[in-house]
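Enquirer: Questions regarding the structure given below will be posed in turn.
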Amino acid sequence: MNLDSLLPNLGEWLRGTGPESDVVVSTRIRLARNLADLPFATRATATHKADVIRLAKEAVAKCGGAHPLEYADVQAMSPLDRQFLVERQLISRELASGLDGPRGVAFDPTETVSVMVNEEDHLRLQVLRSGFALDEAWRDIDRLDDALEQRLAYAFHTQFGYLTACPTNVGTGMRASVMLHLPALGLTKQIDKVFRALQKINLAVRGLHGEGSRAFGDLYQISNHVTLGKSEAKILDEIREVIVTIMQYERQARAALMKERRQAEHDRVARAIGTLGSATMITAEETMELLSAVRLGIHLHLLDGIPVTAVNQLFIHTQSAHLQKLAGHALGGEERNTARAKYLKTRLRDLDSHK
Amino acid sequence: MKCQICDAPATFHLTDVVNKKRRELHLCERCARERNLIPEPPGPQIDLKALMGLLTNPFHAPPALAPEPAPEPVCAQCGMAVPEFKATGRLGCSHDYEALRPALEPLLERIHRAMTHAGKTPRAVRVSEWKRRLGAAVAAENYEEAARLRDLIRAHE
Ligand SMILES: [Zn+2]
Ligand SMILES: [Zn+2]
């Protein structure tokens, strides 16, 4: 597969138009599944892994759906292509560079559905959707799971449920996560309070790039921790309830910002756009911080002429593998900062002229 | 109640069943934290290795609760044993859930506060369960139930 064909497009999940998209960027559900008669990754030989891939490819090819999934061999890929798929959220960092041996990913052209093969579990099914869409994501992944199960014998235990390589995933094997943009809670210094409350109720909070990563650009992922002893519907209900509450807090904080310091916020947003459009060198981190201000500015109507989709595109295209693909060759750290600034300047000028 | 390590007031209590023996741990917050049993923010994941170590090698279990030395369980399929699982946090194959059950159950209870799946079941498993119940319904001459199950099976096979 030539991944360059993905470059001009944006995955469906980055449309920026789903339900509650002023706060919720995207919804993702993952299911961990293993095949009954093959050892888990730590015990699997290259032959076992090749067997998993063969079986998975056959099942994926026959599982139909509106958009067929196409398989890409991650082991054979360049490090740049692997990073590119990580930035598009189609594969995990682990599958990209934390593992050896035969492994891959099948995904559809809209980048809504993907199936990682030979990650920590034999299969990791994933559905990604724009906005707050837990029910839709569950419906899609449940259907995909049923279709795959017709052709694959899953490792399932009547007491423990779907068996996984790590006991933290056993049972439903389901991890649902919702990515939130919470700039106003950050600005009003309430974010830590919210997260302390979340940890008490056993939900995990992470930055954009998963475990331990700092929340650049005010983006946070909230996901369930428990996978055993509750039904999928119950787990999703619990997350939903919490997300609804956090959305309320964020919107209240936004309303307070507009009431108490509208002029200062307007200034901050204007400066962010100014810097993005005029810098000659800029890091990925600074870009994310500034785009966060722009995104908030759009939702607070402090800024017009820039659609949220364009902000999302800037956000993806200014990450390092995307920049290098756009440039057509590898770039060092400093070169990346220059290329990023140039890209931002050009894109913002285009948007401005289309107003 | 006092901490089993340092005699400070115990605020962290853990009860688990290991090798069918009930085992209790009572620790003060400092001692529990030193053993990584309380997750540090922001990572809400419990430290699996630390917990396994404590549950399978109790440093200080009262004699009445001490387990009888049992043979170390090993998976006959892949050779996975508790020490290796403790070291890596990853299982070797799906049979380990049975083979290492005595070590896994207390761990699952700690991680999920549950030991029994309550979610989706693969279609093949649902159908075989209906077939079993169909056999029972026929044997009990409960023909209404048998007809219902037969329809269910037909619709899902
Ligand atoms: Zn103590
Ligand atoms: Zn095994």
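Any Cβ shown, glycine's included, is placed from N, Cα and C.
Annotations in TrEMBL come from automatic prediction, not curation.
A quick note: this is a predicted structure, and the numbers were derived from the prediction, not measured.
Marked as ATP binding site by TrEMBL: A:26-30, A:ARG124, A:175-179, A:206-211. What TrEMBL records for A:23-253 is domain 'Phosphagen kinase C-terminal'.
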Enquirer: Show which residues of the chain containing A:VAL178 (ATP binding site), separated from it by at least 6 in sequence, have their CB under 8 Å from its CB.
Expert: A:VAL24, A:SER26, A:THR27, A:ARG28, A:PHE132, A:LEU134, A:GLN221, A:ILE222, A:SER223, A:ILE239, A:ILE243
Enquirer: Given a 10 Å Cβ-Cβ cut-off, pick out the one of the binding-site residues A:ILE29, A:GLY207 that has the most other Cβ atoms nearby.
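Expert: By the 10 Å Cβ neighbour count, A:ILE29 comes out on top.
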Enquirer: Could you tell me the mean pLDDT over the domain 'Phosphagen kinase C-terminal' (A:23-253), as a whole number?
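Expert: Taking every residue of the domain 'Phosphagen kinase C-terminal' (A:23-253) together, the mean pLDDT is 92.
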Enquirer: Are there any residues at least 6 positions away along the chain from A:ARG175 (ATP binding site) with a Cβ closer than 8 Å to its Cβ? List them or say none.
Expert: A:ILE29, A:ARG30, A:ALA32, A:ASN169, A:SER223, A:ASN224, A:THR227
Enquirer: Within 10 Å of the Cβ of A:SER26 (ATP binding site), how many other Cβ atoms are there?
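Expert: If we count other Cβ atoms within 10 Å of A:SER26 (ATP binding site), we arrive at 28.
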